[in-house]
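Chemist: Here's a structure for you.
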Amino acid sequence: KDDSDEQGDGTDDQPFVNDKDKMSGYETNLYLYAEEIDERPRVSTLLNSLGSYSNTIPAATDPDAKPSTGGARMGTLIGVYLPCVQNIFGVILFIRLTWVIGTAGAIQGFLIVFMCCCVTMLTAISMSAIATNGVVPAGGSYFMISRSLGPEFGGAVGMLFYTGTTLAAAMYIIGAVEIVLTYMAPSLSIFGDFTQDVNIMYNNFRVYGTGLLVVMGTIVFIGVKFVNKFASVALACVILSILAVYTGIFVNFYGNDKLKMCVLGKRLLKDIEIANCTKDVGGPLYNIYCKQHNATFVECDPYFKENEVTVANGIMGLASGVFFDNLRDSFIESGSFIARSTDPEEIQRLDHPPNQPGYNEVINDLTTTFTILIGIFFPSVTGIMAGSNRSGDLADAQKSIPIGTICAILTTSTVYLSCVLLFAGTVDNLLLRDKFGQSIGGRLVVANIAWPNEWVILIGPSYVSYH
């Protein structure tokens with residue numbers, strides 16, 4: 001047996017070692033045709049493949065092509081922070097937060113807002129951990145989750161994200177229609193007086209909401225660039241509206257006489273002009289609560305006879321100390337009267353026969369609990385994905401997404417929590433709980449706090465609803 005047979009080809013003798021120095025120049029020049037296992041150790045090749053695994057498909061590159069200049073590379077402020085702030089703020093701040101505070105009280109209202117903000121903060125922290133755990137390519141939140149947790153989790157989260165975005169769009173559409181019909185132009189109601197039948201308002205939501213959805217769908221169909229043209233205007237409306245509210249709260253530090261309410265005993269009355277807020281015989285209240293059977297016999301509601309009618313200011317001001325009156329909760333069932341007390345004799349249900357003397361109290365239209373109010377307010381803290389969805393347009397997504405998103409949540413949370421305390425210290429409890437402003441002629445409470453004019457709030461949030 002010769003030496004060549006004893007030594008073999010050398011490959012199997014040293015399977016985990018590669019001696020490249022012993023290769024001749026001729027063999028080195030033929031490296032293109034060499035097997036990878038001849039050049040690299042087998043174990044290290046396997047470990048390196050497992051360690052550097054990525055399900056990202058690399059884009060094909062042309063070595064002869066000119067380097068791409070790339071699109072607009074946005075920073076943290078423009079690319080993440082401002083879009084998140086714009087999407088988090090919404091109509092609930094202007095049309096429902098006062099009602100949540102009045103119903104839950106300042107303490108529980110603060111807790112509701114704080115809990116909702118903590119949930120989004122924890123979500124942002126988790127998203128930041130994913131964003132900083134490697135290069136963030138284009139694709140937004142769905143791609144980051146899919147890359148980190150796998151396509152199964154990514155698909156499930158993506159479906160939830162899609163469903164939530166769809167429902168949020170419906171909520172903003174309804175909010176815009178409510179502001180226009182309830183506070184700006186009630187005469188635009190197609191099906192009649194919606195204050196007499198809630199189903200009329202629902203039909204208005206369906207008709208006007210469908211029209212708005214078609215308009216917004218057309219705008220989105222045109223292209224993202226066309227949509228982005230409205231972004232700066234919408235953001236300006238948000239900032240201007242919030243500044244107007246803060247300014248109005250301190251301008252009305254000692255209260256004002258713009259909003260006056262008519263109160264019978266402890267019950268809040270509706271649709272009554274202040275000049276007619278009396279028990280005079282023949283007056284509007286007398287005709288509502290008293291029924292004349294003949295020339296000598298008049299039957300009046302017992303509560304109307306036993307209690308006096310008073311006029312109260314709705315905007316009390318921070319100096320009034322009304323904050324302490326708004327600390328307690330006022331959870332009541334649907335159909336109960338809005339009153340300064342939750343005693344059964346004050347909030348009795350509207351269960352009298354139709355032919356008996358009528359009632360003019362403001363009625364609670366929803367049974368309220370702490371959990372229900374959380375569900376109502378929580379959509380106002382969503383929208384934190386607006387920055388991460390632009391990951392492909394960011395200059396440094398790993399840095400911008402965590403900083404911009406968390407700072408946006410801190411900013412909006414500060415605004416929400418401060419508004420809870422400021423509204424509770426400025427507005428009378430009865431007016432806070434009057435969801436649709438029936439006691440003040442169908443006006444928006446927050447709009448009448450704002451400075452210099454209520455139309456700043458009415459126009460701003462209705463436009464912001466289209467973002």
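Along the chain as shown, the residues are counted starting at 1.
Just so you know, glycine gets a Cβ as well, placed from its N, Cα and C.
As annotated in TrEMBL:
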- 1-23: region 'Disordered' (REGION)
- 1-12: compositional bias 'Acidic residues' (COMPBIAS)
- 78-99: transmembrane segment (TRANSMEM)
- 80-253: domain 'Amino acid permease/ SLC12A' (DOMAIN)
- 111-136: transmembrane segment (TRANSMEM)
- 156-184: transmembrane segment (TRANSMEM)
- 205-224: transmembrane segment (TRANSMEM)
- 230-251: transmembrane segment (TRANSMEM)
- 360-424: domain 'Amino acid permease/ SLC12A' (DOMAIN)
- 362-381: transmembrane segment (TRANSMEM)
- 401-425: transmembrane segment (TRANSMEM)
Chemist: How about long-range neighbours of the transmembrane segment (401-425): same chain, 6 or more residues beyond its ends, C-beta under 8 Å?
Modeler: 76-77, 79-81, 84-85, 88-89, 93, 97-98, 101, 105-106, 109-110, 113-114, 117, 120-121, 124-125, 127-128, 131-132, 136, 242, 245-246, 249, 318, 322-323, 326-327, 380-381, 384, 387-388, 391, 394, 432, 446, 449
Chemist: On the DSSP side of things, how many residues of the domain 'Amino acid permease/ SLC12A' (360-424) fall into helix, strand and coil, could you say?
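Modeler: Counting residues per DSSP class in the domain 'Amino acid permease/ SLC12A' (360-424), I get 46 helix, 3 strand, 16 coil.
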Chemist: For the domain 'Amino acid permease/ SLC12A' (360-424), what's the mean pLDDT in this predicted model?
Modeler: 92
